[in-house]
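Following: one structure in structure tokens, then a few remarks.
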Amino acid sequence: MRFSMHSTLFDPDALPFRRALIAGIACVAAVVAGAMLADQPYLIFAGLAGLVYVGTLTVNCRALAWLVIALQPAALIVPFFPGRPFWWELCALLAWPSLLAYGLVNRRKIEVVAFDRAERWALAALGGYVAVILGTMAYRGVGLRIFGGEQMGGRVYVQQLVLSILPVLMLLAGFSQKQLRMAMITGWLLSLTYIVSELTFARSQDMAPLLYFFELPVDGLNFSTGYDASGVRRFGSLAAVAGAGLSLLWVAAPLRELLGRWLLVTGPLMVALVGLGLGSGYRNVFASAICTLFFLAWVQRFWNPSRVISMVLVGAVMVGGLYFFAKELPLSVQRSVSFFPGIAISPIAKADAATTNSDRVEVLKLAIADSPKYWLFGRGFGMDRFDRLPVDDPNDSVSMLYSQGMFYNGFLGTLLKLGVFGLLCSLLFVWHVSKIALQLGLLVRRRTPSEWSFFDRVCLLLCAQWFAAVLLFYLTNGDVTWWMQSFGLLAGLLMACRRLKQDEGFVVDSDGVPKASVTA
């Protein structure tokens, strides 16, 4: 056969041409990297990381999803990056092109996914929520001060849009039960990183550079600077660690064992973890633990008359001990339990808590008075400095809370930020994901508690955490800037776990409701 230079070496579709092109690019890249290595080593490493990411674009969805779950509870941030984003947020951002490439290359696999009715409704509602955010951005403007704009707060827009991919990512990642279990355990353990950041900020100036890599807990800076004014030393990291510890404890065994034959061990441990969380000074730590435990008992069918009586008696003894020893507790813990009527605590902790209570009432009044102005088109997340405050003094604590969107009511908060359409879309999403959570609970309860695996108990805990998060967000929290962080990943985990349980052999209808188990 006659050799053809054009058909072999210079043909773009020929294998020798591709090899020569790749070799040439590699040689040029090696020369450039060698020349830049001494002056800009970080840029070289970033380029290599980018090359690895692009090379694995169509297959790294599962890895990114695993990292999102594992890193979400951690304090790890991307160093030297504007806005101090978390690593798990960066993974969510990288998931957008990965899912696009995955969908283009694996269209048949995407078609096989076949979302059921509840998933379609939930994702459609989430799409409507994203559309409302985009419309609000166009109508109100985006506040990104890093580009020299007059507004601030635009980071929330970017954050919510980026994290809106999480439910789809979790559904398409194709986890196994073991992978999902290990990701969640890793995340609970990584919550300890918040202690590193807070202790570094509070105690060690020599280790201050660590704060380029670790983020402070929510309000961590305010807690530190407010210590001189209030006298109450609060550590927000304790809330994160306590929540992770309680989660690990609650999935270790069914509640009927934890609060039954193991009560003498798990009871004091549970109380100790809640007490540790109260050291943050957050009163909602107590509320969150009680609500999650209540819903966990509900989804596990723990309640019966004898257990109700036993738990009431145990609770009465604990509350009585709290009233008796309240003044001996640290000031931050005293602040956390200040909502108990008639409890005797330090005047310092009582005054600090009372100030917060009065501020919340005033913020709610402002939100109610201002809602007619923004009921159709919300005021958005980006804003000029204090330009939309319905008060004369923009420097008091009430005005600061109002400007930051801390309305302490999820309905009012969503209405004011995103208008009635944003509120309706968010409620529709929550409603259908709640149905998915109930269906997941039904799938797990097809087996008896003695047959539940570790993954089954994780599924039930996720259900309980979902219902507790919904209740507390819409009744007490209301900070819409955290809506996607609060519900996006948790909703995706519920959807993914339900898929895994369905794959175990349960027959479900078009809504995902289990009908009967498949027998061999």
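Glycine too: its Cβ is placed from the backbone N, Cα and C atoms.
Values in this document were obtained by computation on a predicted structure and should not be read as measured data.
Feature list (source: TrEMBL):
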- 20-36: transmembrane segment (TRANSMEM)
- 42-59: transmembrane segment (TRANSMEM)
- 87-105: transmembrane segment (TRANSMEM)
- 121-142: transmembrane segment (TRANSMEM)
- 157-175: transmembrane segment (TRANSMEM)
- 235-255: transmembrane segment (TRANSMEM)
- 262-279: transmembrane segment (TRANSMEM)
- 285-303: transmembrane segment (TRANSMEM)
- 287-425: domain 'O-antigen ligase-related' (DOMAIN)
- 308-326: transmembrane segment (TRANSMEM)
- 406-433: transmembrane segment (TRANSMEM)
- 454-474: transmembrane segment (TRANSMEM)
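Most Cβ pairs under 8 Å with the transmembrane segment (285-303) belong to 454-474, among the candidate stretches 87-105, 121-142, 157-175, 454-474. Per-stretch counts of Cβ pairs under 8 Å to the transmembrane segment (454-474) identify 235-255 as the leading one among 121-142, 235-255, 308-326. Within the model, the domain 'O-antigen ligase-related' (287-425) carries an average pLDDT of 78.
Using a Cβ-Cβ cut-off under 8 Å and counting only residues 6 or more beyond its ends in the same chain, the transmembrane segment (308-326) has close neighbours at 259, 267, 271, 334, 337, 340, 342-345.
DSSP places the residues of the domain 'O-antigen ligase-related' (287-425) in helix, strand and coil in these numbers: 94 helix, 1 strand, 44 coil. Here the transmembrane segment (87-105) sits apart from the transmembrane segment (235-255); fewer than 3 CB pairs are under 8 Å, leaving out pairs fewer than 6 apart in sequence. Take the transmembrane segment (406-433) and the stretches 121-142, 157-175, 235-255: counting Cβ pairs under 8 Å, 121-142 has the most. Within the same chain, residues 61-62, 64-66, 68, 85, 89, 92-93, 95-96, 99, 102, 110, 113, 115, 119, 122-123, 126, 129-130, 133-134, 137, 142, 144, 183, 380-382, 481, 483-485, 488-489, 491-493, 495-496, 499-500 sit at least 6 positions outside the transmembrane segment (157-175) and bring their C-beta atoms closer than 8 Å to a C-beta of that stretch.
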